[in-house]
Amino acid sequence: MRSLQRLIGSVLLLTICAAGIGGTFQFGYNLSIISAPMLPIQEFINETWQVRTGQPLPDHLILLVWSLIVSPYPLGGLFGALLAGPLAIILGRKKSLLLNNIFVVATVTLFGFSHRPGSFEMVMLGRLLLGVSAGVSMNVQPMYLGESAPKELQGAVAMTSVIFTALGIVIGQVVGLRKLLGDPQAWHLLLASCLVPGVLQLAFLPLLPESSRYLLIDRGDMEACLAALQRLRGTTEVAEELAELEEERIFCQGRRALRPWELFQDRGLRRQVTSLMVLGSALELCGTNSVAYASSVFRQAGIPEGKVQYAIVGTGSCELLVACVSCAVIEMVGRRKLSIAGYGLMACCGSIFTVALCLQSPLPWMPYLAMFCVFAFILSFGLGPAGVTGILAMELFDQKARPAASMVCRVLMWTMLFLVRLGFPFIMEGLSHFLYVPFLGVCVCGTICTGFFLPKTKGKTFLEISEELHRLNFPRQSQGPEWLGPEVIQATEL
């Protein structure tokens with residue numbers, strides 16, 4: 001309780017909000033607002049092409065151009081994930097987040113002026129730059145907050161990224177309602193509204209301290225580290241924590257982090273890398289990222305056109321609710337159980353959804369069952385996979401391998417998200433009522449992999465987790481090297 005009171009109402013709380021509003025909130029917001037103006041943008045594409053050539057664009061090419069507008073967002077995120085590491089080292093965590101808003105300003109300029117000259121290429125480029133911004137912030141924000149939080153609150157602070165993502169999705173869906181910015185003639189203003197979170201971050205984040213761990217370990221500035229710690233904790237009694245940081249700084253000298261490719265060469269990381277690759281891929285391929293096409297999914301399910309936009313808001317609200325619940329119960333239930341339950345329920349809900357789509361013609365109430373299944377699918381996703389997968393790199397790898405593991409995980413996730421965004425319109429058109437069948441197979445694989453490969457980490461320290469994974473990677477100690485404990489090194493050296 002004392003730790004919780006120290007968090008609430010402190011500079012740390014403001015730091016969480018300022019970093020989150022321009023970080024994972026921005027990611028969730030831009031992930032969801034693209035759903036509302038789908039039809040107006042497709043009309044804009046057709047009209048633009050007709051003005052240029054004098055002929056309308058065929059439907060399949062309109063669908064292709066629309067996919068090329070949606071899919072650059074995760075492609076930009078991939079580039080941003082590769083850019084985040086060097087930025088965080090050279091500029092620091094806080095300055096990286098602030099400088100990252102340059103991409104947001106450039107994006108807003110492209111979106112705002114794309115309508116008048118009739119250029120859907122400007123929208124594509126804007127989505128690409130917005131993805132770069134999301135890729136940078138989603139890597140730097142957890143690093144910044146994790147290094148700013150006290151050790152007893154690091155888990156709770158890390159999970160706030162999931163809450164800000166869900167909050168961004170909900171706000172994006174609400175803003176996309178036709179009574180607000182969802183009017184067909186205001187789609188360019190809706191896309192440009194991402195400027196607001198960026199302005200809020202630029203207004204408040206400069207007033208807050210840099211990561212104390214970065215200041216001491218990376219820059220060697222003891223005075224700045226002490227000042228930052230005192231502001232973040234709201235007290236001058238930080239001698240114990242400062243001594244821990246100094247001990248870690250001494251331990252960092254002469255050590256280096258693993259490169260991303262070295263993860264795949266180390267036999268002692270075999271189980272961790274397998275879990276990270278399989279569950280990281282499953283997170284993006286399980287079907288929840290079709291939220292950008294949520295309006296099409298609900299129309300396919302037979303929901304009346306006037307109720308589609310409110311059904312979309314309902315999906316985001318469910319995700320926000322379950323994100324808060326997951327943060328509250330993850331330490332009590334455990335990561336492994338939550339992930340297994342989540343993927344298992346998703347497989348069940350997806351199966352019922354497919355049956356409901358097939359029976360919607362003879363049974364008039366089936367569309368509402370299908371809509372309920374979509375809600376339950378999202379709830380199941382937020383309950384386990386969404387929160388658990390995000391902290392795999394932090395818990396399964398020691399500090400020697402953690403930075404490289406985080407980069408590999410983010411690059412993998414952005415790549416899979418790009419493939420889903422590019423291919424989902426064609427999956428929906430080609431499979432029709434069976435559009436979720438491929439995702440069901442992914443959910444089943446996620447359940448099996450979690451059950452057989454993911455170790456129990458509930459209530460264990462990083463040292464205990466490392467010992468357990470070493471035992472699993474080397475069942476017979478004689479076949480593997482003696483485990484000497486995890487190395488502690490400079491976390492951002494890549």
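Glycine is no exception: its Cβ is also placed from the backbone N, Cα and C atoms.
If you look up TrEMBL, you'll see 16-458 marked as domain 'Major facilitator superfamily (MFS) profile'.
If one looks beyond the transmembrane segment (7-29) by at least 6 residues along the same chain, the residues whose Cβ comes under 8 Å of a Cβ in the stretch are 97, 100-101, 104, 133-134, 137-138, 140-141, 144-145, 148-149, 153, 156-157, 160-169, 171-172, 194, 197-198, 200-202, 204-205, 208-209, 231-234. Residues annotated as transmembrane segment in TrEMBL: 7-29 (among others).
The feature transmembrane segment is assigned by TrEMBL to 61-85 (among others). Same-chain neighbours of the transmembrane segment (61-85): 30-31, 34, 38, 41-42, 45-46, 96, 120, 123-125, 127-140, 292, 403, 407, 410-411, 414-415, 417-418, 420-423, 425-426, 429, 492, 494, counting only residues six or more beyond its ends whose CB sits under 8 Å from a CB of the stretch.
Look at TrEMBL and you will find 97-113 (among others) tagged as transmembrane segment. Beyond its flanks by at least six residues, the transmembrane segment (97-113) meets 19, 22-23, 26, 87, 91, 122-123, 125-127, 129-130, 132-133, 136-137, 140-141, 144, 188-189, 191-192, 194-195, 198, 201-202, 205-206 of its own chain at Cβ-Cβ distances under 8 Å.
The transmembrane segment annotation in TrEMBL covers 125-144 (among others). Long-range contacts of the transmembrane segment (125-144) within its own chain (CB-CB distance under 8 A, at least 6 residues past either end) are made by residues 15, 19-20, 22-24, 26-27, 30, 34, 69-70, 72-85, 87-88, 93-94, 96-97, 100-101, 103-104, 106-108, 110-111, 114, 158, 161, 191, 194, 211, 406-407, 410, 414, 491-492.
TrEMBL lists 156-175 (among others) with the feature transmembrane segment.
Marked as transmembrane segment by TrEMBL: 187-208 (among others).
Under the heading transmembrane segment, TrEMBL lists 276-298 (among others).
Feature annotation from TrEMBL assigns transmembrane segment to 310-330 (among others). Listed as Cβ neighbours of the transmembrane segment (310-330) (distance under 8 Å, sequence separation of 6 or more from its ends, same chain) are residues 32, 35-36, 155-156, 159-160, 162-163, 165-167, 169-170, 172-174, 176-177, 291, 294-295, 298, 303, 338, 371, 374-375, 378-379, 381-384, 386-388.
Beyond the transmembrane segment (342-363), the same-chain residues lying 6 or more positions past its ends with a Cβ under 8 Å from any Cβ of the stretch are 282, 286-287, 300-302, 369-370, 373-374, 376-377, 379-386, 388, 432-434, 436-437, 439-440, 443-444, 446-447, 450. Look at TrEMBL and you will find 342-363 (among others) tagged as transmembrane segment.
What TrEMBL lists as transmembrane segment is 369-396 (among others).
Annotated transmembrane segment per TrEMBL: 408-428 (among others), in sequence order.
Among the features that TrEMBL reports, transmembrane segment is placed at 434-454 (among others).
Listed as Cβ neighbours of the transmembrane segment (408-428) (distance under 8 Å, sequence separation of 6 or more from its ends, same chain) are residues 63, 66-68, 70-71, 73-75, 77-78, 80-82, 84, 131, 135, 138-139, 260, 263, 273, 276-277, 280-281, 283-285, 289-290, 292-293, 296-297, 300, 392-393, 435, 438.
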